[in-house]
Amino acid sequence: MENKNNVTEFILRGLTQDKTVAKVCFSLFLVFYATTILGNLLIIIIIKTSEQLNSPMYFFLSYLSFVDISYSTVAAPKLIYDLLVEKKTISFAGCIAQLFAGHFFGCAEIFLLTVMAYDRCVAICKPLHYTNTVNKHVCGWLVAASWVGGFVHSVVQTLQTIQLPFCGPNEIDHYCCDVHPLLKLACTDTYITGVIVAANSGVISLSCFVVLIVSYAVILVSLRRRSSEGRLKALYTCTSHITVVVLFFGPCIFIYMRPSTTFSADKMVSVFYTIITPMLNPLIYTLRNEEVKNAMKKLWSRKVKRSEK
């Protein structure tokens with residue numbers, strides 16, 4: 001079949017066709033997105049301005065918050081706007097850009113969460129070597145590697161999609177542009193492309209998840225030699241990260257660890273890891289972290305003193 005493209009824009013079916021449900025979702029997602037932006041910005045500001053939060057863990061957390069803001073911004077504003085309009089369209093170029101950005105920031109977050117697990121593993125299992133093993137130079141390289149890994153992954157996904165012919169129909173059964181819904185619209189056999197896409201996204205998600213599980217298994221084994229107080233303290237610092245990992249990796253593995261098939265639940269699952277999880281991350285890390293809460297109190301007290309002068 002000739003590789004041609006007659007599609008200049010796509011029509012998004014959106015999250016729901018019910019106008020009443022759409023209005024409720026509009027209000028909810030607007031609050032969720034605002035909470036995501038403000039919460040993650042607050043974490044970045046606190047970490048950058050606090051002298052106490054200068055460990056590698058908070059260095060990585062500040063970048064995770066930046067990725068969460070960016071990742072949520074790829075899909076949330078368009079979804080929120082489309083909930084109020086009748087015809088939901090996106091240009092072909094805009095669709096490909098959204099696809100690229102979504103996979104770029106999503107994959108960067110996967111690698112960052114894996115790096116944070118490595119950081120916790122070294123900090124708990126080899127505390128005496130921690131400052132030398134995970135120094136500023138190493139932290140910088142690990143963050144850079146996460147960005148590069150996300151970029152390479154996104155380029156592969158985008159190139160696999162953009163080379164396909166789209167000659168109609170142009171209606172995407174989703175609220176944003178992603179690989180699997182686009183593969184359904186291609187005017188050619190997409191089996192091989194679907195396998196490559198599933199291997200690319202799925203293998204990354206699953207392999208990083210396995211690394212995370214192994215890291216925390218090593219941590220649990222090492223804690224057997226600690227006192228009960230030491231075990232509780234170490235587990236407390238890891239619980240927040242484990243919660244975020246489960247919330248993010250579970251939906252990702254469900255969506256991408258399979259060939260180019262779509263299920264009715266895909267849209268709701270996608271909402272979870274593109275909108276809900278980025279909103280929950282700052283709440284999880286602040287509500288369960290005394291150091292962050294103390295830094296927040298100090299920052300607030302400084303602002304109050306300045307306003308009183």
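Just so it is clear, glycine is given a Cβ too, placed from its N, Cα and C backbone atoms.
Remember, TrEMBL labels are computer predictions, not curated facts.
As recorded in TrEMBL, the features of this protein are as follows:
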- 20-46: transmembrane segment (TRANSMEM)
- 39-285: domain 'G-protein coupled receptors family 1 profile' (DOMAIN)
- 58-76: transmembrane segment (TRANSMEM)
- 96-118: transmembrane segment (TRANSMEM)
- 138-156: transmembrane segment (TRANSMEM)
- 203-223: transmembrane segment (TRANSMEM)
- 235-256: transmembrane segment (TRANSMEM)
- 268-287: transmembrane segment (TRANSMEM)
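In this chain, the transmembrane segment (268-287) lies out of contact with the transmembrane segment (138-156); the count of Cβ pairs under 8 Å, excluding pairs fewer than 6 apart in sequence, is fewer than 3. Sequence-distant contacts of the transmembrane segment (268-287), counting only residues of its own chain at least 6 positions beyond either end whose CB sits under 8 Å from a CB of the stretch, comprise 15, 29, 32-33, 35-36, 39-40, 42-43, 61, 64-65, 68-69, 71-72, 74-76, 79, 102, 106, 174-176, 178, 240, 243-244, 247-248, 251-252, 254-255, 293, 296.
Counting same-chain residues at least six beyond the ends of the transmembrane segment (235-256), those with a Cβ under 8 angstroms from any Cβ of the stretch are 57, 106, 109-110, 113, 116-117, 120, 124, 180, 197-198, 201-202, 205-206, 208-209, 212, 216, 219, 223, 266, 269-270, 272-273, 276-277, 280-281, 284-285, 288-289.
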